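Down below is the structure, laid out as structure tokens.
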Number of protein chains: 4
Amino acid sequence: MANSFGKIFTITTFGESHGEAIGGVIDGCPAGVELDLEFIQKEMDRRKPGQSKIVTQRKEPDAVRFLSGIFEGKTTGTSIGFIIENVHQRSNDYSHIKDSYRPSHADYTYDKKYGNRDYRGGGRTSARETANWVVGGAVAKQVIPDIKINAYTSSVGDLFLEKPYQDLDFSETENNIVRCPDAEVAKEMIEKIDTIRKQGDTIGGTVTCVIQNVPVGLGEPIFDKLHAQLGKAMLSINAVKGFEYGSGFCGAKMKGSEHNDIFNEDGSTKSNLSGGIQGGISNGMDIYFRVAFKPVATIMQAQQTIDKEGNIVEMHGKGRHDPCVVPRAVPIVEAMAAMVLTDFMLLNK
Amino acid sequence: MANSFGKIFTITTFGESHGEAIGGVIDGCPAGVELDLEFIQKEMDRRKPGQSKIVTQRKEPDAVRFLSGIFEGKTTGTSIGFIIENVHQRSNDYSHIKDSYRPSHADYTYDKKYGNRDYRGGGRTSARETANWVVGGAVAKQVIPDIKINAYTSSVGDLFLEKPYQDLDFSETENNIVRCPDAEVAKEMIEKIDTIRKQGDTIGGTVTCVIQNVPVGLGEPIFDKLHAQLGKAMLSINAVKGFEYGSGFCGAKMKGSEHNDIFNEDGSTKSNLSGGIQGGISNGMDIYFRVAFKPVATIMQAQQTIDKEGNIVEMHGKGRHDPCVVPRAVPIVEAMAAMVLTDFMLLNK
Amino acid sequence: MANSFGKIFTITTFGESHGEAIGGVIDGCPAGVELDLEFIQKEMDRRKPGQSKIVTQRKEPDAVRFLSGIFEGKTTGTSIGFIIENVHQRSNDYSHIKDSYRPSHADYTYDKKYGNRDYRGGGRTSARETANWVVGGAVAKQVIPDIKINAYTSSVGDLFLEKPYQDLDFSETENNIVRCPDAEVAKEMIEKIDTIRKQGDTIGGTVTCVIQNVPVGLGEPIFDKLHAQLGKAMLSINAVKGFEYGSGFCGAKMKGSEHNDIFNEDGSTKSNLSGGIQGGISNGMDIYFRVAFKPVATIMQAQQTIDKEGNIVEMHGKGRHDPCVVPRAVPIVEAMAAMVLTDFMLLNK
Amino acid sequence: MANSFGKIFTITTFGESHGEAIGGVIDGCPAGVELDLEFIQKEMDRRKPGQSKIVTQRKEPDAVRFLSGIFEGKTTGTSIGFIIENVHQRSNDYSHIKDSYRPSHADYTYDKKYGNRDYRGGGRTSARETANWVVGGAVAKQVIPDIKINAYTSSVGDLFLEKPYQDLDFSETENNIVRCPDAEVAKEMIEKIDTIRKQGDTIGGTVTCVIQNVPVGLGEPIFDKLHAQLGKAMLSINAVKGFEYGSGFCGAKMKGSEHNDIFNEDGSTKSNLSGGIQGGISNGMDIYFRVAFKPVATIMQAQQTIDKEGNIVEMHGKGRHDPCVVPRAVPIVEAMAAMVLTDFMLLNK
């Protein structure tokens, strides 16, 4: 079930970038949750295209239509079906990729795997799919309201937000279009993306996510470790190339005497290089991780590529694309994290 | 099923560090595979404790006893049960952790989650479990003999093997005890680990893995992406803090015009920052990834910690432990990769 | 994932009887299948309400709207989303069950399990859900066009079609409204149902299903036996109380010397009491099974029941209901069988 | 994972009839359950061969060796590995089936599916596998001690125990070797089996199972209905041809006005034709079902069959076999029911 995620709280999705609609089924949501539909739409708005000058200019309202599983404002415990109509397709923008493969896109691999591909807007490979995940995440967040999940842009290219998360005010994140909770760094990041955009180029970046107020005991040892499932969730997001939690790759340079988190009497730890997880199980400390996104593959520059027959052809980016995925990835990272946490909360109850 | 991994080719495991035996069930192995049992034992020997001065001195033969699923030297298509007896336990080495929690170990989280814990040698949290995985990986490698999987130690602490994998001779990896395929760097790494060990300390490191000769089309889009499943597999290994593939975290600093892999006429690409995977599906280029391991938490130094009642106590490392997990992690990384690849090969056939 | 069925070819569904729409996601359908949408609609018409005088008079066009996974008439290998709008709800027919429990319906168990229930038309418990399954089955049939699946009404109450399936002409099944491929018996069955209907009562019955042209080797031994999965599929259908295949319950009265199927030289068998499956694996002979349906619980007669407070109240059936589910169950049985067979065909390829 | 059963409480098994050992892994057993190992062995003794004159004379102690997951008498929440050594194989009894197919056995289907088969004692197709299930069931029964599961032999051939289960004393079941809780009928059944055995023939039968003290709300609607999962479990048992619950196939002959279960004020029902389940969810009434077993295929008479080349050959039953599986199937039915109930109890908590 390549289009399903989760064990107890699951989402199963469908939809192509330029098809009629995308959507999905949320299964395993407990009964009796009062769903705030406005909140869900606000989450959608954080991800939707056209929200600012540094993202793709495709205009989609991304209005979610819930078809089942909710009665008189509350979840019923049955599966929640939803669809999001696609309204602003411009499929003829994509005729140039019908017979050619965009470099570093999945055109080639889909064609070789399936032999039959909806090439319009990237079809199923488009990150448009992640709108479905934001629906799932926005429901999940309401199932586990006590757990606080905050993601933010922590780097754009080689421009890093150096402050540790403890020094940040997450309520600042939504105050700028790049979603960096430090106004000054945000400004620089926005300028950087705008410059790159004007060059017809794109740029990578990272998103950091902090999960707070997690009870001790979430996660299943051995093969369903909490961080392994978080990692899988993040690596499912389009353009992700890496995942690290706690000390991450830096931890690999350290000594045990530096890295160990010493306990306080109440079971909390003085440091938290572990990132809130020991042996795959939450220890009650903050969980934090970082996700690396490559630069968007579609650039507004001429590139050499091949067509289906293997002839070298020149291709020039068309369509409406993000110069940097990171600002819109922030709510997607949160959504996937929310679904993972909800799944483990329900498994653990 | 926290103790199972895989969808078609699956492994389900059991066993505590100081119990009678560990073992597992391999399900979904195709019929008719001629199993080379000597090869399996050789793989076990690469992982086993006591193999050199820079690893734990526990002596376990790690002899695998296959109980089913093999008839007249060939797999029958039915489930393969196996056990590995534990012979060299020294459980009294662990009486000091019966009532106290070792810092940065899973003692605390297991106790809080389960309320009942086999503390001897870390019980189920011990990396002894990974011996089971090496059995699974050694079988998997024989199911997909054409796919070449080579892992090696790429860093110990801040000492990095700088050469790209293309310049390495993987046949050198097993020629030194740290499993670095560059004799000179290997020597430095061994010295580093030995120095750390004498200090009663431990050190982290990274393992790089290269998978070659992969057919185009492996991996399922959306939630079972090839790299997402590889990432989950790697994050399941004890002490892992991060995973990146292809350009990884470096890719997040790059521009699209630098990062895109331009096609050759035959569908291969000139560069391979993608790491052999596009849209979650293999593109036929080499797959490569890097895994970060934290330093081993058990150090031979006094550390402050707490007991079950929350009293501050002093603890001193006992038992036999690795000063650096990386040399023994190399075959484990390969084993997990082999199982993931086999799973997708069977799903894709 | 209570709302998903299948391992490789899967369906995940949603929808309440009187909600906006029902629908689902078909995952794992191979790429390149030319889908005959008219055929799908014809299958829907076989199940839809209002098709004859002996079924419920609710009028639903049951028009399927496919939203993804199909491009230029062919499946793409990605997930197929679909919805069926509900158009002929009469929810006020159900205000009488808002606070009371209909006998032998799932009102009571849903309320106790979930505490929150969409009572209109039975909500999620309604067999309206099975319209989704017929979509899945109609797609599945086109994935495995060589396998012939024919179900038919084999009894209504105590009126049995005595002829063995070998003596029937399945092309006759759709020639009468009760779906019995023997015109004479069909006539009697229709009369029986009509009489029962006029009494405000309902009646049970059985459906027999014959699957022909199945390759040898389908089914996974031990826990995914072909007949076990078929049984689970059938027992998932509303109102089903029993499943038997091959000799079934009659076989339990027989001796081994009578029951054994003796081989012909080509591996076929002279008799087929086994029902085409040995050890959970198809043997190439016809698979046949029988499914028992209880009488519909809603009767147009006064019945005593209780309300939510446990007070005894009198209830009288309202709404539009089937006097006998069997005629409409025929395509549902086929649909579930088609999905099971497709799943095993894909697993076995 | 053809060799796994269950979602939360799962069992994964391995082993051939004449291999070294059989065994499995129980995953998802909650921590802190005090396991009565003597009880487990008693359950094994109910199933084991050689226990009476009316069962196979193979002598196996069926001693269970637990290897993990239990510490100081209690479950730890980690996976429970176990093995059962095979000690009384007589593999040369089976040389005659190496190249020929026993009628109505799975020899032919396994050979066609896998091309490689451990033919000794039927290999993996042997009901010896069910010893593993009894281990799982015996653990499961201790996880849900309040739920009472009682199975018994309800027919042998055409000899039926006519009394409804309400009139039976389940404590009588183990007082006779056929496991029928009515001494008189039991005597007749034993005589019948013994007569059949002397004829070198075998006979089918049915097992009825009653599950009492089940809380309201177990079972997941749509595709994981409680009775659908029970049905799948029962249909997984060797030689089973049918499953019915509540009114079963008789219910298909009834009218709604006869079949509906009218509520009492407390939510219980006056009758219980529903069999304790409505809409796939337990309603608190007794669950009862009936399972049909075909006669054992191995008879001590000459039968015609074919060899691998398709030549007609004569075969005569050898080895040690049951004249009727039903007496030994009683604990197996209970074991599978116990695992299903435990799974839903854990899912529902």
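Cβ from N, Cα, C; glycine included.
Database features (TrEMBL):
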type	residues	note
BINDING	B:ARG47, B:LYS53	NADP(+) binding site
BINDING	B:ARG124, B:THR125, B:SER126, B:ASN238, B:ALA239, B:GLY279, B:LYS294, B:PRO295, B:VAL296, B:ALA297, B:THR298, B:ARG320	FMN binding site
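Annotation for B:ARG47 (NADP(+) binding site): spatial neighbours B:ASP62, B:THR130, B:ALA131, B:VAL134, B:ARG328, B:PRO331, B:ILE332, criterion Cβ-Cβ under 8 Å with sequence separation of six or more.
Those binding-site residues from the list B:ARG47, B:ARG124, B:LYS294 that have a Cβ under 8 Å from chain D Cβ atoms: B:ARG124.
Of the listed binding-site residues B:LYS53, B:ARG124, B:LYS294, the Cβ environment within 10 Å is emptiest of other Cβ atoms at B:LYS53. A gap of 16 Å separates the Cα atoms of B:LYS53 (NADP(+) binding site) and B:VAL296 (FMN binding site). As a whole number, the greatest separation of Cα atoms within the FMN-binding residue list B:ARG124, B:THR125, B:SER126, B:ASN238, B:ALA239, B:GLY279, B:LYS294, B:PRO295, B:VAL296, B:ALA297, B:THR298, B:ARG320 is 44 Å.
Taking the binding-site residues B:ALA239, B:VAL296 in turn, the residue surrounded by the fewest other Cβ atoms inside 10 Å of its Cβ turns out to be B:ALA239.
Comparing local CB density within 10 A for the binding-site residues B:SER126, B:THR298, the maximum falls on B:THR298.
DSSP assigns B:ARG47 (NADP(+) binding site) to a helical segment in the three-state reduction. Contact with chain A, taken as any Cβ pair under 8 Å, is found for none of the binding-site residues B:ARG47, B:LYS53, B:SER126, B:ALA239. B:ARG124 (FMN binding site) falls within a helix when secondary structure is assigned with DSSP.
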